[in-house]
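TrEMBL annotations:
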- 1-17: signal peptide (SIGNAL)
- Gly13, Leu14, Asp15, Ala16, Ala17, Gly18, Lys19, Thr20, Gly59, Asn115, Lys116, Gln117, Asp118: GTP binding site (BINDING)
- Thr20, Thr37: Mg(2+) binding site (BINDING)
Amino acid sequence: LVVFICVFVAAVGLDAAGKTTLLYKLKLAEVVTTIPTIGFNVETVEFKNISFTVWDVGGQTIIRPLWRHYYTNTQGLIFVVDSNDPERIKEAADELHRMLEEDELTGVPVLVFANKQDLPRAMSISDITDALSLSGWFVQPSCAVRGNGLVEGLDWLSNQILKR
């Protein structure tokens, strides 16, 4: 008998960062063709003894004010950054810090997936960490298409949630 702990997680980030690709790679272990998410996708991903309900919320500018509606009862936050888009890293940092000011996210562990690490212009993890002005959060290099780094990131998030 395996007992699962149910956990709610919001996956957010700028448009085209790879949130939906990442979610379905975790869920189905395959790459799916995606279109820009208008609204959200929700899937359950089982990892170790945790059943993650992941809300993948669209990242287009017009949708971002709606992110806060997904923070209630959120036990973990996944923020996906396009490592290959240095021109938008400041915009990503601003959105991340705006989110972290929300009362509902106080004390919630934040996993940052530095996605698209397979691409030639991908920023290094230290550059992304510096650009996002992060301290105390985990930045996991990843490639959603290949699946690289996804398990490691989920492992860290699982451990943080179980500590709480």
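Using N, Cα and C of the backbone, Cβ positions are placed for all residues, glycine too.
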Q. Counting across all protein chains shown, how many other Cβ atoms sit within 10 Å of the Cβ of Lys116 (GTP binding site)?
A. 24
(Q) Pairwise over Gly13, Leu14, Asp15, Ala16, Ala17, Gly18, Lys19, Thr20, Gly59, Asn115, Lys116, Gln117, Asp118, annotated as binding GTP, what's the top Cα to Cα distance to the nearest Å? (A) 22
Q: Provide, as an integer number of angstrom, the distance between the C-alpha atoms of Lys116 (GTP binding site) and Thr20 (Mg(2+) binding site).
A: 13
Q. With every protein chain in view, how many other Cβ atoms are within 10 Å of the Cβ of Ala17 (GTP binding site)?
A. 26
Q: Out of Gly13, Ala17, Asp118, give those binding-site residues positioned within 10 angstroms of Thr37 (Mg(2+) binding site), comparing C-alpha atoms, in sequence order.
A: none
